[in-house]
Amino acid sequence: MSPHAPVPPVAPFACFVTGTDTGVGKTHASATLLRALHGAGYRTAGMKPVASGSEWRDGHWHNDDVAQLRAASSVAVPLGQTCPFLLRTPCSPHLAAAQEGVRITRAPIRAAFDALRRQADAVVVEGVGGFNVPLDAGAVRWNTADLAVMLSVPVVMVVGIRLGCLNHAVLTAEAIRARGLPLAGWIANRVDPDMLLADENIATLHASLDAPCLGELPWQLAPAAAAAAGRLELAPLLAAASRYQAEAAGLAA
Ligand SMILES: Nc1ncnc2c1ncn2[C@@H]1O[C@H](COP(=O)(O)OP(=O)(O)O)[C@@H](O)[C@H]1O
Ligand SMILES: [Mg+2]
């Protein structure tokens, strides 16, 4: 295609990126997905609905996940849409919120997500920690699984390839399906360069998880989303998303 050829239209896409735990590479994988989607012609926006752990820098509260997602997005949006709940304390969001006198509620997240969908063709939402993390310790109890259900988008699971990942991956896949959400695919992220039998563990995941593997991200001293984008396969993810959308439209009709 010539550099001046019109980019063909793309179907709107959104997904929720969860992981087998905190620190497994959700942010790295989400940024890589954003880069891959942009390479496929999408206008992209990352979202981190709730982030805990930030510091005052250059006139605003800075959180690494939010910064990485914004750097990997192709559309410039207000910070409050990328992250409607940016908390300071680096701990579980419900505890950080309680410390700071904030209540994490659904409406601002829904509004920010809807705003991003109007500006971008593809929205990649990074969860918090693992699949089920509390968001509120008060009367309105809800967690990150409820958040994924509220957004009603397919889920991508990042598996940090390290000891314990087989159990965590199968349990997380079960939890996603138990909430009625499709597991659109999983990404193997090699977070431990010294892991014994890493390839065999990944083979076991292929055999255990009834969902497509979207790719493997190699261990990198300084993980770079742009460089890793070519390692992800988008076709199974986009197909799962359009199946889910068609099913949802069928149910609504
Ligand atoms: N493929 C990788 N190779 C090397 N380090 C990685 C890789 N993926 C993630 N990391 C590192 O692991 C840490 C956690 O990654 P991150 O994407 O922030 O995880 P999460 O979002 O699940 O908490 C970060 O320091 C990140 O740089
Ligand atoms: Mg993260």
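All positions are counted from 1 along the displayed chain.
A Cβ is built for glycine as well, from the same backbone N, Cα and C atoms used for every other residue.
Just so you know, TrEMBL annotations are computer predictions that nobody has curated.
The record from TrEMBL ties Thr27, Glu126 to Mg(2+), and of the options Asp65, Asp192, Asp194 it ties Asp65 to that site too. Together with Gly23, Val24, Gly25, Lys26, Thr27, His28, Asp65, Glu126, Gly127, Val128, Gly129, Asn189, Arg190, TrEMBL lists one candidate of Gln220, Gln245 for binding ATP, that being Gln220.
Here Lys48 (active site) is positioned 11 angstrom away from Gly129 (ATP binding site), judged by their C-alpha atoms.
For the recorded site, Thr27 (ATP binding site), the DSSP three-state label reads helix. The binding-site residues in question are Asp65, Glu126, and the one with the fewest Cβ neighbours inside 10 Å is Asp65. There are 24 other Cβ atoms within 10 Å of the Cβ belonging to Ser52 (substrate binding site).
Proximity to ligand 2 (Cβ under 6 Å from any of its atoms) holds for these recorded positions out of Thr27, Lys48, Ser52, Asp65, Gly129, Arg190: Thr27, Asp65.
The secondary structure of Ser52 (substrate binding site), as reduced to three states from DSSP, is extended strand.
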